[in-house]
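Pulled from Swiss-Prot, these are the features on record:
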- Arg10: site 'Important for substrate specificity' (SITE)
- Asp64: active site, proton acceptor (ACT_SITE)
- Thr65: site 'Important for substrate specificity' (SITE)
- Gln147: site 'Important for substrate specificity' (SITE)
Amino acid sequence: MLVLASASPRRREILSRFIRDFHVVPSNAEERCSGTPEECAVELARLKAREVYSRVGGTVIGADTVVSIDGRVLGKPSDEGEAYRMLKLLSGRVHRVTTGYCIIHEGKEIAGSATTEVKFRELDDELIWAYIRTGEPMDKAGAYGIQGKAGLFVEWIRGDYYNVVGFPMEIIWKLRELGFEVLSR
């Protein structure tokens, strides 16, 4: 039994493109950590995977995505003002999106991370506030979702697009190495 330890509809949708049979069991783990963005993402993924594994067993995938700029981690905005400040900070600059993952398979943990660089165009206040009014940024690390309207903001990316969405292809490859069938319908 393959279990995705996430409430994210984006992670569920990406995984379903490659693997047909899996269950979704959101984690109840508390999301707090310290360290580098990479360490933080992996640690949060581990906490999620372990918490769900303790309840349901099977093969469990935990993932957590963080956006960072100047070494500072940008989580999900708590309100519109914080979303504005995050987007203003990202405007015209390169930032990093890191997804940590932890797969617990037969009691063993396989953990790692993927990082993608993203460059935003210069964003004026009118555009930032129009985007915030869509409601899209409020449940996303760094206050944006590349797969939605904020795709307009992106000048370029270097790395895995799916990582920026929250589920890097590295996870699919790890699952394949563990014997899970991918691309079957």
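Just so you know, glycine gets a Cβ as well, placed from its N, Cα and C.
Keep in mind that what you see is a predicted model, and the values were worked out from it rather than measured.
Positions of the features from Swiss-Prot, shown on the structure.
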residue: Arg10; record: site 'Important for substrate specificity'; DSSP class: helix
residue: Asp64; record: active site, proton acceptor; DSSP class: strand
residue: Gln147; record: site 'Important for substrate specificity'; DSSP class: coil
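Spatially close to Thr65 (site 'Important for substrate specificity') yet at least six residues away along the chain are Ala41, Val97, Thr98, Thr99, Gly100, Ala141, Asn163, Gly166, judged by Cβ distances under 8 angstroms.
Less than 8 angstroms from the CB of Arg10 (site 'Important for substrate specificity') sit Gly145, Gln147, Val165, Gly166, Phe167, each of them six or more residues away in the same chain.
Listed in sequence order, Glu31, Cys40, Ala41, Val42, Leu44, Ala45, Lys48, Thr99, Gly100 are the same-chain residues six or more apart from the residue listed as 'active site, proton acceptor' with CB atoms under 8 A from its CB.
In this view, Gln147 (site 'Important for substrate specificity') is surrounded by 17 other Cβ atoms within 10 Å of its Cβ, with every protein chain counted.
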